[in-house]
Structure formats: C-alpha cells, structure tokens
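What follows is one structure encoded as structure tokens, with my remarks underneath.
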C-alpha cells in the first residue's frame with residue numbers, strides 16, 4: 001500500500017475519494033460487490049451481464065487484499081493504481097464519471113477525509129421536494145415549511161427542525177411515530193435535536209440505514225445525507241403494498257408453470273418490472289429489463305399508461321390516453337407528451353422529461369411504483385391450484401428483525417426474511433458486526449451457478465451455523481445449515497434473535513468497560529434507577545405483567561431524561577386496552593426521542609413479549625449509562 005500511494009497527487013486522491021463516495025451508496029465506508037454491480041447497472045453501460053460480473057470479479061480479485069468481500073478506500077486507491085493502464089480502468093472511470101446532474105460540495109464532516117467531496121443529484125432534490133409538497137400540503141403542522149421551492153436549497157433548511165422528517169416517516173409507515181412526542185412549538189436547539197433523534201431512530205426502526213448519519217448532519221442540512229435518508233423513507237412508503245401477502249392481485253403476475261413460492265421471493269423492484277412487462281405484453285409491445293436504458297424513449301410508458309388507465313365501469317370514469325405522442329421524433333418532447341398523459345391519471349410525480357430521457361433509474365423506479373400504487377389494474381386469478389396458506393404475511397417479530405438488519409446497512413437489502421437469508425451472506429455480515437470473525441475465503445459469493453448453486457448456498461449456511469456454535473457460542477441445538485437454506489422459520493428466528501441480542505448487549509458492554517451484561521444486570525439497573533428517582537414502578541423480569549401498561553418504561557425514561565415525558569399524556573389508573581396501547585406508543589416514541597435506538601413495537605410492550613421487552617430496557621440502560629459518562 002505504501003508504494004502505491006507515493007505516486008498519487010493530492011488532486012488525484014481527492015478525485016478518487018469522490019469516486020469512492022459515489023459508489024459507496026450506503027455510506028458504510030466500504031464498497032461491496034453488490035455496490036459495484038449496482039454501479040454498472042445504474043450507469044446504463046451497455047454491457048452484457050456476464051461482462052459486468054467479469055469486471056466486478058476482476059476488480060475484487062485485484063483490490064480485495066484481505067479477502068473480506070469488500071473494498072476499503074485504501075484498497076480502492078491501490079486498485080486504481082494497478083488498473084491505471086488497463087482497459088478495465090477506463091471502463092470503470094467512465095462509469096463513475098457518467099453520473100450526470102451531480103452537484104459536488106466539499107466534505108465537512110469530522111469523519112470525512114480532509115478535502116473530500118460529496119455529491120448529490122439536483123434531479124433527486126427536485127423530485128423529493130415536489131413529492132413532499134404534495135404529500136404534506138394539508139398538514140397544519142407543516143404550514144411554516146410547505147410548499148418548499150424545488151429550485152433552491154430550501155429542502156435542506158426545511159428538514160432541519162425534524163418535523164417534516166417525522167411526518168414523512170409516518171406517511172411511509174403509519175403510526176411509527178406518536179405525534180404527541182414531536183416537538184412542534186417554540187422550538188429550541190435542544191427540542192430540535194430531540195425531533196431529529198426521534199426521526200433518525202424511527203427511520204432505523206422501519207429499516208432505513210442510518211449508521212453514518214447524526215442529528216447534527218440533518219440540522220446542518222448536509223445534502224448527500226439528507227437525500228440518502230429521504231430516498232430510503234420515501235421508498236418504504238412506495239413499496240409498502242408491492243408485497244404479495246398485502247396485495248393478492250399480484251398473483252396475476254405468475255408466469256406459466258411458475259410456483260407461487262418463487263414469485264414471493266421477488267423484491268419489490270423485480271415485481272414492479274414484472275408488472276410493467278405484464279401490461280406491455282397485453283399491449284403487444286416488447287418487454288423491458290430495467291428502469292433506465294429501456295424506458296428512455298418513453299414508448300413503453302405510453303403503452304403502460306394506456307393499459308392501466310380506467311376504461312369506465314367498476315374502475316371509475318374512463319380516462320382516454322392519447323398515444324399519438326409515440327410518433328414524436330424528439331425524445332425530450334416525446335417524454336413531455338407522455339408525462340401529460342400520466343398527469344391525466346394524477347401520476348406525473350418523480351420524473352421530468354429529462355429524467356426519463358437520461359434514464360435516471362432511481363426516479364423512474366419511483367415513478368413506476370407510484371403508477372402501480374394508484375392504478376395497479378390487476379385482478380386476482382380464480383386459480384384453485386394456488387396454495388393460499390403461503391400468503392400469510394410476515395409476523396411483527398419477523399418484520400422487526402428484518403428492519404433491524406436493514407438499518408445496519410446489510411447488503412443485499414432484506415425484503416423477505418427467510419428467502420433472503422438462504423445463502424447466509426447477510427448472516428456473515430451480522431457476525432462481523434457482533435465481532436465474530438468471518439473467514440471470507442470460506443464463503444461462496446453470488447452470482448451462483450445454475451447447476452449446483454443451491455449447494456454453494458448450503459455450504460455457506462453450514463459455515464454460518466458452525467460459526468454460531470463454535471465462535472459466537474450461541475445455543476443452536478438441532479439447527480443445521482439446510483434449515484437456514486430452506487427458511488425453517490423457528491430455527492432461523494432462533495439464530496437471528498441471538499444475533500440481535502448479542503448486538504444489543506455488546507453496546508452495553510462497551511459502555512460498561514467491557515464487563516459482560518446479562519438479563520439480571522439489566523433488571524437490577526432498571527430497578528435501581530427507578531428507585532433512586534423515587535418512582536413507584538419496578539419489574540421482576542421481562543415477563544412482568546406490569547410492563548403491559550408501559551408505566552415502568554415511561555418512568556425509566558423520566559428518570560434518565562427528566563422532562564422528556566409529558567405526564568399529562570399518560571394514563572395510570574383503570575387502563576383499558578386502548579389506554580395501554582396509547583401508553584406504549586408514547587413510550588416507544590419518547591424513548592427514541594431521547595436517543596434510544598429501539599426496534600420494538602408498541603404491541604411488544606402491551607403483549608409483554610420478553611425478547612423485545614429486553615431490547616427496550618437494554619437500549620434505555622445504554623442511554624442512561626451514556627448520560628452518566
């Protein structure tokens with residue numbers, strides 16, 4: 001490494017840092033093979049899939065010196081030196097520089113290298129501003145902020161008090177934040193920080209990656225961080241119903257001879273692509289394989305709009321789509337005419353004609369998702385061969401685990417807990433996060449061969465179980481790699497819970513000078529803290545029935561952060577089920593507001609789910625110890 005950096009000028013180092021930041025989509029400080037693959041896809045480089053894989057494999061083989069499946073900035077610098085004279089480097093640099101509409105700003109964060117540049121997309125900013133303006137135009141709490149001007153930097157200033165972010169989170173995942181916990185009037189720097197903590201910890205709880213974002217970054221309106229977080233929040237809302245268990249009409253997208261189980265493994269992006277192609281096939285038009293290169297001429301969109309527009313009758317009054325714009329010779333004008341037709345359906349959000357013609361994949365994906373949510377135009381087939389038992393949605397516990405993993409920035413994103421863990425890649429990433437070393441040379445990585453691919457995944461799962469038993473010292477009695485690969489829910493959850501538990505306890509051990517923390521220590525600390533604050537509540541275990549009132553949690557928050565809890569919001573006597581739920585909603589939101597990263601749901605407190613209850617008290621203990629320090 002020493003030798004390779006001596007020949008790099010400061011200017012070149014800055015250029016490389018900028019390139020690295022563009023590829024490092026999740027801001028993890030590392031670039032994974034998935035991010036490299038995404039880069040080629042996003043750049044709309046007309047390369048066949050095998051060529052992309054070849055280049056990615058070459059890059060990893062050259063750059064990944066410690067074989068951990070990802071590239072650090074130092075490894076990236078070495079790589080670019082090594083590839084300088086080769087064709088692959090030219091291709092690679094061409095892709096990085098191909099991202100247009102990019103505004104570069106100097107890096108100011110204390111963790112960013114001196115002189116780095118973070119870039120953000122002007123198009124994304126405009127699209128998000130217009131979407132938020134429309135979504136919150138009638139919210140009285142946002143009157144002082146909305147409408148924002150899409151053509152200046154008002155977005156970054158308007159998000160600085162945390163109110164808009166909290167509102168957007170609730171739009172994407174209703175009831176995530178208890179509105180009573182949002183500070184709305186006479187804001188001070190402290191109450192603004194509380195709002196931003198509430199937004200960040202709530203975003204984390206719905207599966208957004210927030211590992212490198214702090215309240216101060218949002219307060220300062222750092223564009224690349226703000227836009228990255230906003231996109232994640234908006235995407236959660238756009239994709240909420242693109243899920244077969246929540247929208248059975250999607251079964252209509254089954255291909256000839258395909259099992260429902262296979263369709264259920266598809267990500268929302270893949271389902272959207274299939275939905276578009278379903279309608280294009282019905283229109284007699286050729287199918288597409290992406291939301292960038294293939295939609296640039298707008299013609300597929302014209303046919304899609306014509307297929308999904310109401311025809312009268314049950315769908316409501318007919319809306320006629322004018323297809324004459326297909327014959328327009330100018331791409332930009334054709335895209336403009338197409339968006340005029342989309343506007344008839346009330347769905348021209350997210351893209352401008354230029355975004356369509358440039359093939360902006362993120363904004364075109366959002367445009368299509370919004371079309372799907374408004375006019376899916378699918379009818380559930382009357383097919384008796386389909387096993388409807390498969391359509392049971394995920395449990396609240398499964399969703400919590402999935403959101404926890406995604407919030408930590410695992411790659412790939414987990415859409416379906418069991419099928420997306422079938423190759424154990426994400427489990428290995430979680431092991432690393434709980435400080436269980438993974439020997440990446442033992443791990444098979446995608447793309448898996450068509451023949452024997454599942455064996456490669458099972459080998460990974462066997463290694464994951466072996467690490468759990470021998471290195472992490474988990475209790476994994478009766479669990480084999482095949483159970484993970486097949487998505488055995490009970491056994492997979494047993495491993496995932498132990499990963500989450502260890503992660504939570506590690507945070508506490510770090511605060512307590514490394515001493516091992518267990519349930520007894522947490523319970524003892526909770527009771528001592530409650531007693532020293534003269535509270536009447538206490539808990540005997542994480543199964544204590546009094547937890548269903550949420551009063552021990554609220555009293556503990558008050559002991560740790562006096563004045564955070566507004567006592568008039570709490571019911572203490574003769575609690576109905578509704579009162580208990582309201583207390584729980586308030587408790588979870590106020591805990592997040594004081595900085596506790598809690599993934600549990602209000603129902604976990606009301607129903608006294610001991611595992612999730614433990615994580616709530618552990619996170620609050622972490623917050624309490626942090627304050628003392």
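Using N, Cα and C of the backbone, Cβ positions are placed for all residues, glycine too.
Listed in Swiss-Prot:
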- 24, 26, 28, 30, 35: Ca(2+) 1 binding site (BINDING)
- 11-46: domain 'EF-hand 1' (DOMAIN)
- 51-86: domain 'EF-hand 2' (DOMAIN)
- 122-238: domain 'Calponin-homology (CH) 1' (DOMAIN)
- 266-376: domain 'Calponin-homology (CH) 2' (DOMAIN)
- 395-504: domain 'Calponin-homology (CH) 3' (DOMAIN)
- 516-625: domain 'Calponin-homology (CH) 4' (DOMAIN)
- 1: N-acetylmethionine (MOD_RES)
- 381-625: region 'Actin-binding 2' (REGION)
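Long-range neighbours of residue 28 (Ca(2+) 1 binding site) (same chain, six or more residues apart, CB within less than 8 Å of its CB): 211, 212, 409. Summarised as a single figure, the pLDDT of the domain 'EF-hand 2' (51-86) averages 65.
If you count C-beta pairs under 8 angstroms between the domain 'Calponin-homology (CH) 1' (122-238) and each of 266-376, 395-504, 516-625, the highest count goes to 516-625. Within 10 Å of the C-beta of residue 30 (Ca(2+) 1 binding site) we count 19 further C-beta atoms, all protein chains included. DSSP assigns residue 30 (Ca(2+) 1 binding site) to a strand.
Across the domain 'Calponin-homology (CH) 2' (266-376), the DSSP tally of helix, strand and coil residues reads 70 helix, 0 strand, 41 coil.
Secondary structure by DSSP for the domain 'Calponin-homology (CH) 3' (395-504): 67 helix, 0 strand, 43 coil.
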